[in-house]
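Note sheet for the following structure.
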Amino acid sequence: MAFRTICVLVGVFICSICVKGSSQPQARVYLTFDELRETKTSEYFSLSHHPLDYRILLMDEDQDRIYVGSKDHILSLNINNISQEPLSVFWPASTIKVEECKMAGKDPTHGCGNFVRVIQTFNRTHLYVCGSGAFSPVCTYLNRGRRSEDQVFMIDSKCESGKGRCSFNPNVNTVSVMINEELFSGMYIDFMGTDAAIFRSLTKRNAVRTDQHNSKWLSEPMFVDAHVIPDGTDPNDAKVYFFFKEKLTDNNRSTKQIHSMIARICPNDTGGLRSLVNKWTTFLKARLVCSVTDEDGPETHFDELEDVFLLETDNPRTTLVYGIFTTSSSVFKGSAVCVYHLSDIQTVFNGPFAHKEGPNHQLISYQGRIPYPRPGTCPGGAFTPNMRTTKEFPDDVVTFIRNHPLMYNSIYPVHKRPLIVRIGTDYKYTKIAVDRVNAADGRYHVLFLGTDRGTVQKVVVLPTNSSVSGELILEELEVFKNHAPITTMKISSKKQQLYVSSNEGVSQVSLHRCHIYGTACADCCLARDPYCAWDGHSCSRFYPTGKRRSRRQDVRHGNPLTQCRGFNLKAYRNAAEIVQYGVKNNTTFLECAPKSPQASIKWLLQKDKDRRKEVKLNERIIATSQGLLIRSVQGSDQGLYHCIATENSFKQTIAKINFKVLDSEMVAVVTDKWSPWTWASSVRALPFHPKDIMGAFSHSEMQMINQYCKDTRQQHQQGDESQKMRGDYGKLKALINSRKSRNRRNQLPES
């Protein structure tokens, strides 16, 4: 058994430790930006040291490219390594428009530039791109070549007006989808930012938009995302869904509340014949609810939708919609993740319509006659095969849509509660991406949650005995050095990569880093990462098609006792024993930091050959996340301390400290600068710090030094020993210097 003796002769050096009491879960592994880079599982790209507001707007896995919009630039990055072979097009706003923007009082840095906000695939060779154009939106076609090997990336056409396709203000989000070379956008259509619209443009048919200045349709919306989603087997029944939040007045018309909403329209809607001409005749919307119900009844709402991710399946009706929500309250702050079944969303849109009635304009379910075809039905679909266009809709259908676009029922998440709730944290969630992972014990959903502090949390959803799923934070990664909020996020299950953008650049991160969990089977099993398993030699990537017998993995329970038999589990019962000295009536610190913050720590004390007993914590003996702090050390504190970590019912001893208490008077005499001993009087004049002794000598050398101290104390009254001690001190100094120089040779040079 290895012993390391730490002899405390001059004071006790203690780092200040902040103990935080928080019920919020912590990541099992936290990697800083530099630590993440050292794992060789990330890449970073930026055009310059200046922030350029990067947004990942399109991912093309067929051509192995991701397309990024930023201030005055359009980027094409290699999907396999974003730092290799980047292509860029410089596309600034015209000088005249920039000057006009400044004259209008807009921000020269964050407003008066061409911030690219729309990149959509137009055809096999071209992209359609739009930018804010210094508060004068512009669009153009960009040639990207037929194949990625062509290395073509250039604007080969004239710019055209982007009005109705991109917002004037770059700080107001624009969402868009391209269907059959037609662009569907959600944005603000005017310079002042008062006319919000869902618009179809770039079409050979007539342009169509939402009813203008009609708060029943849109009320100061902030668009979040847009998706095309099938509805049944007939392609004519497909809908475009827009996710947004809007400000709605309460029944007293005195205050405005933020509600999250889903709206949908039919792509083949051409507007009405006599009413709603060039306006959507299939526009419907419903409220999206993400709330927590307290035990005493009231609901706490996470009102503000921040991001949406669709986890698609072979059957569109089983698609899951993940949403990030935050609170709008200035008192109660938090984030939540809610999950919705697409079938539940479609059920609400097929349900009753909302109707305002009475002096207080209370919302009730519409009880009158519903016209045929049902409002919101697409022409030419399964229910209206004989109506080829919305212009054939009866007038009462169009009138009904204009006055009743809102559904009565709200859309609630699975189990009517959030999957994840974070309250009282120093961050909030901003973006989400989800991967479906096959593990040895089942299929799991892994969430990648971007924060406003430039980190990404990797969270696995765990099934529980109840109807509510559990969750475990596997990792938290600093993907940006300056903690810039994450603005966009794309995931590639095919490439097993995550792509993240912020104001300062773009980062690429692997979905897994199995080797960082440890070099033992138990470490790999405790990680509970569905991407990773123990292969008999190391923690490595798990492939469901491989030989399962040789793979050890337990995501659901994370129990090494059942998975790691035969892999030296007994080694976890023992730990190297060290000897540590403390001075009576002083403070000392017994260090013990588990690998995982999710592990619970218990301290046991064994005196002589007695049984181990749990250390009683009080104001004098305090347990911290880094160890045990003992204030005003007493003789009764002496003994063998065992630091036991427990995680998922698996216990391991991670520290054994033989703590010995020294008499304070003896230590004071030994270190007295007026002492007649040459050794003691020389301590203050040493050219090195006393704590250097701890790392400078081996165990055998420290034994020799201890013996030397003992002999010196016994002979201090003999006058002829003074000269000998001076000589021995010279040898001691030379030995320390030689050991320190050897240590420096093994260290990296300071930067």
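Note: Cβ is positioned from N, Cα and C throughout, glycine not excepted.
In Swiss-Prot, C338 is paired through a disulphide bond with C290, chosen from C290, C378. The cysteine that Swiss-Prot pairs with C112 in a disulfide, picked from C101, C130, is C101.
Listed in sequence order, S260, H301, F302, G323, F325, A336, C338, P413, P418 are the same-chain residues six or more apart from C290 (disulfide bond) with CB atoms under 8 A from its CB. Along the domain 'Ig-like C2-type' (571-655), the predicted structure has mean pLDDT 89. Taking the Cβ of N81 (N-linked glycosylation site) as reference, residues of its chain lying under 8 Å away and at least six apart in sequence are, in sequence order, E43, Q508. The residues of the domain 'Ig-like C2-type' (571-655), classed with DSSP into helix (H, G, I), strand (E, B) and coil, number 6 helix, 43 strand, 36 coil. Cβ neighbour count for N123 (N-linked glycosylation site) (all protein chains, 10 Å cutoff from its Cβ): 10.
Take the Cα of C532 (disulfide bond) and measure to each of the recorded positions N123, N586, C592: the nearest one is C592. Checked against N586 (N-linked glycosylation site) by C-alpha proximity, the disulfide-bonded residues C101, C112, C139, C266, C378 yield C112 as the nearest.
Comparing the Cα of C112 (disulfide bond) with the Cα of every entry in C139, C266, N268, C378, C643, these being the recorded positions, the smallest distance points to C139. Taking the Cβ of N585 (N-linked glycosylation site) as centre and 10 Å as the limit, one finds 13 other Cβ atoms among all the protein chains shown. On the backbone, the CA of C378 (disulfide bond) and the CA of N268 (N-linked glycosylation site) stand 7 Å apart.
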